[in-house]
Amino acid sequence: MQEPLLRAEGLDYDTFPEVPATPGERERAGALKNRRVFLATFAAVLGNFSFGYALVYTSPVIPELKLSSDPALHLDKIQASWFGSVFTLGAAAGGLSAMLLNDLLGRKLSIMFSAVPSAIGYAIMAGARGLWMLLLGRMLTGFAGGLTAACIPVYVSEIAPPDVRGALGATPQLMAVFGSLSLYALGLLLPWRWLAVAGEGPVLIMILLLSFMPNSPRFLLSKSRDEEALQALTWLRADSEVHWEFEQIQDNVRRQSSRVSWAEAREPRVYRPVLIAVLMRFLQQLTGITPILVYLQTIFDNTSVVLPSQQDAAIVGAVRLLSVLIAAVTMDLAGRKVLLYVSGYAMGWGPITWLLMSEVLPLRARGVASGLCVLVSWLTAFVLTNYFLLAVNAFGLQVPFFFFSAICLLSLLFTGCCVPETRGRSLEQIEAFFHTRRMSFRP
């Protein structure tokens, strides 16, 4: 057996130095070995497409329902705030359930399970006859979104090889943005009920494709299903010579076969990565992205822009999509921290927080900790989304946006002080890094 990727040196852990591959070797390896990883990733991130679609569903619908002649569906300001924000309560509940389901059912089955509340929620909103049905539908689609937000990044990071993990780690955010853009575009053509009907399509396609994809090899090994894990890794790599990589993963999983105890949770190697991931998701929401997206057309209606608010929202969606595409291409070249420093939300704090959450969390706590991150994220989003319109009505748009700007500056300080660069590192190397108590991978 070859020597494990991680090794002990005295009391600390260290990792082997990286052996750089030539550009030609990387290109050939990517073309031959990663095509099935790309397929599995695409199947999973369709859940993020549905999440992005559902998140901004209220953007074109609230203005339409404010003008509704049906008294059962007409929305006032308070009702509009709840219609927009209740999604985030459902997402928080979904994150809470992921703390259990991620390790009980596994990453893949948890993603597939999210299709049930999503499909039911869209159906309820499509046939809504009163406000309570609209709120229930939003709550259910939010629950599905919170569950996928916790499970999909973990699944993608655990099946992806290190050289493309950055690019694939951006795909959840990429598909969420594409889902939002699709909603904005369809909002120019379809009435609000048919927008809900259209949301069923990606959910059904996701279920169909994922049923043919393997589970995470790391999850299977954690359940002592070694033969299935080897088969899954062999299929994902499209290569029978995966025994060296399999042994590295197996070695790491065996050393972490038990759950994290409360005593271990107080050790820096456990609480440091969890705290980094939780704070990143907390700060990500405090930048104001969720209320801005949920009420995008309402925000444009309160400004003096020339184009109609529906077209402005679609343009914002297109710019976000382009930005995430650039991030996906450059993330493994420039690194995570560089993009966090120099780019906007869609290129930095949008996709990278999803990726870093799945990269830095320790394997033994990954299922529970990812659910905790999503829970904190969406509880924060609920508070912001529920009070955003009230703050705008009381103080104008400038006060909330000044607050969001201040949080962006705070996020830069947090990035410089606390966030490690994980580009080009395997998950096992990243986990070993937190054993060293160093602040960066450099010696």
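For all residues, glycine too, the Cβ spot is worked out from N, Cα and C.
Annotations in TrEMBL come from automatic prediction, not curation.
If you look up TrEMBL, you'll see 37-62 (among others) marked as transmembrane segment.
The feature domain 'Major facilitator superfamily (MFS) profile' is assigned by TrEMBL to 40-423.
The transmembrane segment annotation in TrEMBL covers 82-102 (among others). Listed as Cβ neighbours of the transmembrane segment (82-102) (distance under 8 Å, sequence separation of 6 or more from its ends, same chain) are residues 54-55, 57-58, 61-62, 65, 75, 109-110, 113-114, 117, 131, 134-135, 138-151, 154, 290-291, 294-295, 366-368, 370-379, 381-382, 385-386, 389.
TrEMBL lists 109-125 (among others) with the feature transmembrane segment. Long-range contacts of the transmembrane segment (109-125) within its own chain (CB-CB distance under 8 A, at least 6 residues past either end) are made by residues 44, 47, 50, 54, 57, 94, 98, 101-102, 133-134, 136-145, 147-148, 151-152, 155, 193, 196-197, 199-200, 203-204, 206-207, 210-211, 215.
Feature annotation from TrEMBL assigns transmembrane segment to 131-155 (among others). Residues 44-45, 47-48, 50-51, 54-55, 57-58, 72-73, 75, 79, 82-83, 86-99, 101-102, 107-108, 110-111, 113-118, 120-125, 169, 172, 196, 199, 216, 354-355, 357-358, 361, 366-367, 370-371, 373-375, 377-378 of the same chain lie 6+ residues outside the transmembrane segment (131-155) yet bring a C-beta within less than 8 angstroms of a C-beta in it.
Marked as transmembrane segment by TrEMBL: 167-186 (among others).
Same-chain residues lying 6+ beyond the ends of the transmembrane segment (192-213) with a Cβ under 8 Å from its Cβ atoms: 39-40, 42-44, 46-47, 49-50, 53-54, 57, 60-61, 64-65, 108, 111-112, 115, 118-119, 122-123, 125-128, 137, 141, 179, 183, 186. Positions annotated as transmembrane segment by TrEMBL: 192-213 (among others).
TrEMBL lists 274-293 (among others) with the feature transmembrane segment. Sequence-distant neighbours of the transmembrane segment (274-293) (same chain, 6+ residues past either end, Cβ-Cβ under 8 Å): 55-56, 59, 84, 88, 180, 299, 345, 349-350, 353, 356-357, 360-362, 365, 369-370, 372-374, 376-378, 380-381, 384-385, 388, 400-401, 403-404, 407-408, 410-411, 414, 418-420.
Residues 59-60, 166-167, 169-171, 173-174, 177-178, 180-181, 183-185, 187-188, 296-297, 300, 307, 339, 343-344, 346-348, 350-352, 355, 423 of the same chain lie 6+ residues outside the transmembrane segment (313-331) yet bring a C-beta within less than 8 angstroms of a C-beta in it. Per TrEMBL, the feature transmembrane segment maps to 313-331 (among others).
Within its own chain, the transmembrane segment (338-357) is flanked in space by residues 149, 153, 157, 165-166, 169-170, 172-174, 177, 276-277, 280-281, 283-284, 287, 289, 319-320, 323-324, 326-328, 330-331, 370, 373, 411-412, 415-416, 419, 422, which lie at least six positions past its ends and keep a Cβ under 8 Å from the stretch. Marked as transmembrane segment by TrEMBL: 338-357 (among others).
Taken from TrEMBL, the feature transmembrane segment applies to 369-390 (among others). For the transmembrane segment (369-390), the list of distant contacts is 77, 80-82, 84-85, 87-89, 91-92, 94-100, 102, 142, 146, 149-151, 153-154, 274, 277-278, 281-282, 284-286, 288, 290-291, 294-295, 298, 357-358, 361-362, 400: same-chain residues at least six beyond its ends, Cβ to Cβ under 8 Å.
Under the heading transmembrane segment, TrEMBL lists 397-416 (among others). Residues 279-280, 283-284, 286-288, 291, 299, 302-303, 337, 340-341, 349, 388, 391 of the same chain sit 6 or more residues outside the transmembrane segment (397-416) yet have a Cβ under 8 Å from a Cβ within it.
Beyond the transmembrane segment (167-186), the same-chain residues lying 6 or more positions past its ends with a Cβ under 8 Å from any Cβ of the stretch are 37-38, 41-42, 45-46, 48-57, 59-60, 149, 152-153, 156-157, 160, 195, 198, 202, 293, 296, 310, 313-314, 316-318, 320-321, 324-325, 327-329, 331-332, 346, 350-352, 354-355, 358-359. Per-residue pLDDT, averaged over the domain 'Major facilitator superfamily (MFS) profile' (40-423), rounds to 86.
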